[in-house]
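Peer 1: I am attaching a structure below and will ask some questions about it afterwards.
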Number of protein chains: 4
Amino acid sequence: MTQLHAVNLHDYAALAQERLAPEAWAYLAGGAGDEATLADNAAAWAALKLLPRVLRPLHPGHTQVELLGRTWAHPIGLAPVAAHGLFHPEAEAGTVLAAAAQGAACALSSQGSTPWAELVALVKDEPGRGPLWAQGYWQGSLTRTLALFEQAAKAGMEAIVFTVDAPVHGARDRERRAGFVLPAELSKANAVLGSHPPLPAFEAPPLCAGLLVHAPTWAELQALIAASPLPVIVKGLLHPDDAMQARDLGAAAGWVSNHGGRTLDTVLPTAAALPAIRAAVGPAWPLIVDGGIRRGTDVLKALALGASAAFIGRPAVQALAVEGARGVAHAIRLLRDEFEIALALCGCATPAQLHPGLIHKA
Amino acid sequence: MTQLHAVNLHDYAALAQERLAPEAWAYLAGGAGDEATLADNAAAWAALKLLPRVLRPLHPGHTQVELLGRTWAHPIGLAPVAAHGLFHPEAEAGTVLAAAAQGAACALSSQGSTPWAELVALVKDEPGRGPLWAQGYWQGSLTRTLALFEQAAKAGMEAIVFTVDAPVHGARDRERRAGFVLPAELSKANAVLGSHPPLPAFEAPPLCAGLLVHAPTWAELQALIAASPLPVIVKGLLHPDDAMQARDLGAAAGWVSNHGGRTLDTVLPTAAALPAIRAAVGPAWPLIVDGGIRRGTDVLKALALGASAAFIGRPAVQALAVEGARGVAHAIRLLRDEFEIALALCGCATPAQLHPGLIHKA
Amino acid sequence: MTQLHAVNLHDYAALAQERLAPEAWAYLAGGAGDEATLADNAAAWAALKLLPRVLRPLHPGHTQVELLGRTWAHPIGLAPVAAHGLFHPEAEAGTVLAAAAQGAACALSSQGSTPWAELVALVKDEPGRGPLWAQGYWQGSLTRTLALFEQAAKAGMEAIVFTVDAPVHGARDRERRAGFVLPAELSKANAVLGSHPPLPAFEAPPLCAGLLVHAPTWAELQALIAASPLPVIVKGLLHPDDAMQARDLGAAAGWVSNHGGRTLDTVLPTAAALPAIRAAVGPAWPLIVDGGIRRGTDVLKALALGASAAFIGRPAVQALAVEGARGVAHAIRLLRDEFEIALALCGCATPAQLHPGLIHKA
Amino acid sequence: MTQLHAVNLHDYAALAQERLAPEAWAYLAGGAGDEATLADNAAAWAALKLLPRVLRPLHPGHTQVELLGRTWAHPIGLAPVAAHGLFHPEAEAGTVLAAAAQGAACALSSQGSTPWAELVALVKDEPGRGPLWAQGYWQGSLTRTLALFEQAAKAGMEAIVFTVDAPVHGARDRERRAGFVLPAELSKANAVLGSHPPLPAFEAPPLCAGLLVHAPTWAELQALIAASPLPVIVKGLLHPDDAMQARDLGAAAGWVSNHGGRTLDTVLPTAAALPAIRAAVGPAWPLIVDGGIRRGTDVLKALALGASAAFIGRPAVQALAVEGARGVAHAIRLLRDEFEIALALCGCATPAQLHPGLIHKA
């Protein structure tokens, strides 16, 4: 139990910082460079001004969305974060149980502390649970990458989240100053057989060192989608043209993300990137968004601007650090309630009624 | 008597914070979410730059406005706030006496600590007093809502302020952290007979819980206006289309408000919403505005941009907390004098001479 | 002698604050309301970005300007400030001697501590001195106002600065909190015979109290210009239409000013008002500007945007407070040198070469 | 060795401030006036938002650029700074060795602590070194200026950097307050024979004192280019017309600079000046840029907006102050690695692929 009763996601961040070792906190909370994008992501949602409507029928209302062939209880999900074992002994098990209990979508990193199969088994039969997705990177070859994702399919995952915005590690000064190195024993639960060249670290510059030979291109994405045992969601889109290309290659959905400001700094915040991407890909193709979502009003704005769902990364792991599964469930509940209230206060009975006109054009 | 002599409304806020218990202060001063709208409301008025005129005739001058069939000594009023008894033993009696002494309009909450009839009786025959209005919410049915407002009419109120922007409570984190609950004995003075379902609290999400069955729609507003014993002022308008609809349904006036930033956060500040609403409803329909009015220049700008009158919420109650009726009267006087000086310094002899050209277009 | 050697005008402000009694500092440094205009005035000059030119001929160069029938050594002057005796025993004598030594224009308030005649006598025959102007307000009637200005003419003043932006006092909260009252014995050196109703103070609202019967209008200005023994400069212009009207009535020059942010708060800063005024009145009519001029680059920008000269108010009096005439002379010298350097670094040999293209259009 | 391990250029600034005497720090870190341009330079790069592309081929990749007839390992160089001996005993020798080891271009000030010939001799035969340039000012006559630059040619320099934005010293208040004077023995290593009038100091205003007789104009630049033994790079351009004129007179390259905010304050930041200059001069003429480059993303943005290379001034000298040549080499390495990572994360295999579309248009 915590002394400060958390009433919003900010509280969980503050409580987690108190509890975690400085290096773990640096890894969890930090971003690339001067952390401008980290701050901009959250500020960009907050800066959007709502123009709510009144006296509209709110009954019968609900927060459900239809997405990727399934009904979600609400449009909030958990973005993939590596190595939950760093933050709490319950690790990914705590996270996945909490997500299931709150009906939230859950994307689980390939660099987790717990094998996917174990995690899916924990919640597979939970009636109200949200979708379970496996997230991974290109593994140097199509064969190896498919091996990873077949592992996910076999475990019972419903989709693949394929991250394309981190062909090399970003320069995370906070981590480097704290001397943080991701412990192998907490991040290799889903590693494929054989030794894969790790993502090139900052000290070994990628271009000259030739490590980028292994970085994937659109051709590799196309092959991956064709051969994948599961629908592929392409994560890390900021440019409308890239989103259109992913859609045209058959990706099941796009994920607007700047990797939470952890790879490249001074990047366009996702709230600013989303509208042009929605306009480019048309109304039908599902779009996930993450980056700076901290309030129910942020979720609402994301959907009003064209997102199909909004995902949180750091906040859920911060809640895990504070109270394990109980903290994560509470954090999702807080955000979900805030979203529901915001929906009603904007005059919308359901998420489907959200539209860009609810955001004031400055 | 206070040690710091208040020379403006900010001083009353500082003095009230010193005097009130932390929970009462959290309830009075707080807003929804991160309190962005609370701050934006005041900042938006301050950010408007005046372009004053010189050497214009200022005599004979006055601050009177004609509004809703009556002459007001000046265009400043007190917005409804619940449970004045929380802040000072004089409660709403102190407020209403001060308003009457200063000729200010006074809108009294249905969730007050003192019955409307008692309050009206105190000042009904005061020659220079301003209008007295009763504010309330939808009571779950037309019958119950009319019962509340007939009570207001019987008490001698002159108009009804019907609040439409809070079908559910907002998430006020500051209150929740302070563990504040509005005491029933200080907020039920005007409760109608029978037990009414209270506004759904944050912990019971409105849409799923079905409580919004009771939220009013435009149809209910229309019926209410048709049957109301008093003119109805619709409070909580931010969108021009909603304002036009309220006007077309026969509302006596519109009230541009975001509930002082207490329901939904990151909403458009009222100073930014007002011009488009005035443009939409035309010059004749009266428009009240509140939200962040702290200076005489704010009142002047509100009128220049199309408001018929400008109301303050928290500042009057803060002055009540500091010195009861005497504080409230002084606070109104300060604001009124600031307005009068600003009027003269802008080259206007009367409020009717105010116009949008006095605000610099950036 | 001071311990901190002042190298710019900011230093004189800091040093003056250390030396002055809090009430005198509040009077000198304070502004109206929340002092937003006070801050905006300086910030608006700083925010203008220079686009300097290189390799242009700088020889022969100088800082002289031709203005109101006279060559000025440089375009910097001292704006009128009341009661210099409050700040240093040398009072206006110190100021006027310093201005003369530095060739700066000097406008002396009618509410000074020293009679105009004494001040003019001190420097009249100084060969390099700048122009000497007498500043005053409407005195309730044309006769009384002319009496004041004939006194100025007799003393040897060269022009009248007629202030039109303060028909009533502004609400200066800092002064009121400090309990400051302008001492009559330090501000009546030029008072005309007979007891004149003082400017209405804040506690006596102007419109209702009828004091504005005495506020001047365009008709009074016209009569004053017609009868004035000296050229009349109209001070307090912010709107282009008002500037054009003053020019058309025969004023010798206009003075773009918001009274240093001391009367009305949240007014357009003078840097923002100047370009439209210059565009409206055409290139020939002289325009003085004050408000927030603290750096040589501010003087340069003022001239580039159409001002004929730039005046400082508080900084000179702050330097007086620190070291009397010696401080004022040094302050003018610092600003003049900064201006000269800025002129050369912008690629201009003389002030006449300054033009709006030196300011970047954002 | 330092206690804080520097992981970025900001760290070197902090460490240098700890180690340097206050006067040397004031000289190195300070800027003109209120140091607004100093801050704006860095902020302007950071404010540009990247819009990276994904899944593009990154192999084979490199950071090389072709510039002024030579292949550079990367587009980062060291801008000229006077008197390195003030900051570390290794002085310019440390700097030039570090630059050579890291393949960085190095521009060496004529006001250095070590003769050019000695410096060139140290690294001339280093295979991977970058270009070596000599920087200087007009020396009062063409003969004297050519004498200086012939000295550079004889030493083995490859180009002349001719600085045109400082015909007079700026007003650097921080230096003046610290009482700093550039020691002759540390800044005269390349002085030409005979005593030359030094640049006019602040206390001797340039225009009136007639010292600007010696400031060069376009005619002098033309003569210098015609007679120069080496290609001439014109440093200090902010206006597109000046850049075109330099190009048309035969300058080998232009250098967009505001002298690091050290001469004139509130100048346009170089990041804002660069695009219009590139548009004006066309794609072929090489453009160097400096001012506020602190991150690899800054280098990337500079090239995306049309720069051919990006130079750092203070950061390299700060690293020199901390650890001599070793610090400088590490600082260049950090920036180079950041640039390489940013290049890959923007989807570009080489600097030649950078283009304005990578910067979001707000």
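For all residues, glycine too, the Cβ spot is worked out from N, Cα and C.
Automatic prediction, not curation, is the source of TrEMBL annotations.
Straight from TrEMBL, here's the annotation block:
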- C:1-362: domain 'FMN hydroxy acid dehydrogenase' (DOMAIN)
- C:Tyr27, C:Tyr137, C:Arg172, C:His259, C:Arg262: glyoxylate binding site (BINDING)
- C:80-82, C:Ser109, C:Gln135, C:Thr163, C:Lys235, C:Ser257, C:290-294, C:313-314: FMN binding site (BINDING)
- C:His259: active site, proton acceptor (ACT_SITE)
Peer 1: Find the shortest Cα-Cα separation between C:His259 (glyoxylate binding site) and the binding-site residues C:Pro80, C:Ala82, C:Gln135, C:Arg294, and name the residue that gives it.
Peer 2: C:Pro80
Peer 1: Taking 10 A as the limit, how many CB atoms besides its own sit near the CB of C:Arg262 (glyoxylate binding site)?
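Peer 2: A count of 22.
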Peer 1: Count the other Cβ atoms sitting within 10 Å of the Cβ of C:Pro80 (FMN binding site), across every protein chain shown.
Peer 2: 21
Peer 1: Rank the binding-site residues C:Ala82, C:Gln135 by how many other Cβ atoms lie within 10 Å of each Cβ and give me the one with the fewest.
Peer 2: C:Ala82
Peer 1: Sorry to bug you, but what's the C-alpha spacing from C:Lys235 (FMN binding site) to C:Arg262 (glyoxylate binding site), rounded to the closest Å?
Peer 2: 14
Peer 1: In whole Å, how far does the CA atom of C:Gln135 (FMN binding site) lie from that of C:Tyr27 (glyoxylate binding site)?
Peer 2: 19
Peer 1: Rank aside, I only need the closest one: which of the binding-site residues C:Tyr27, C:Tyr137, C:Arg172 has its C-alpha nearest to that of C:Arg314 (FMN binding site)?
Peer 2: C:Tyr27
Peer 1: For C:Tyr27 (glyoxylate binding site), which residues in the same chain are close in space, meaning a Cβ under 8 Å from its Cβ, but six or more apart along the sequence?
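Peer 2: C:Tyr27 (glyoxylate binding site) has long-range Cβ partners C:Leu86, C:Glu175, C:Ala178, C:Phe180, C:Leu182.
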Peer 1: Look at the binding-site residues C:Lys235, C:His259 and tell me which residue has the greatest number of other C-beta atoms within 10 angstroms of its C-beta.
Peer 2: C:Lys235
Peer 1: If you measure C:Ala82 (FMN binding site) to C:Tyr137 (glyoxylate binding site) at Cα, how many Å is it?
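Peer 2: It is 12 Å, counting Cα to Cα.
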Peer 1: Take the Cβ of C:Arg314 (FMN binding site) and count every other Cβ within 10 Å, whichever protein chain it belongs to.
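Peer 2: Within a 10 Å radius of the Cβ of C:Arg314 (FMN binding site) lie 24 other Cβ atoms.
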Peer 1: Which residues of the same chain, at least 6 positions away in sequence, have a Cβ lying under 8 Å from the Cβ of C:Gly292 (FMN binding site)?
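Peer 2: Once residues fewer than 6 apart are set aside, C:Gly292 (FMN binding site) is near C:Asp40, C:Asn41, C:Ala42, C:Ala43, C:Ala44, C:Trp45, C:Pro269, C:Thr270, C:Ala271, C:Asp298.
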Peer 1: Just name the winner among C:Tyr137, C:Arg172, C:Asp290 (the binding-site residues) by count of other CB atoms within 10 A of its CB.
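Peer 2: For the binding-site residues C:Tyr137, C:Arg172, C:Asp290, the Cβ with the most other Cβ atoms within 10 Å is C:Asp290.
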Peer 1: Determine, to the nearest whole angstrom, how far the Cα atom of C:Asp290 (FMN binding site) is from the Cα atom of C:Tyr137 (glyoxylate binding site).
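Peer 2: C:Asp290 (FMN binding site) to C:Tyr137 (glyoxylate binding site), Cα-Cα distance: 18 Å.
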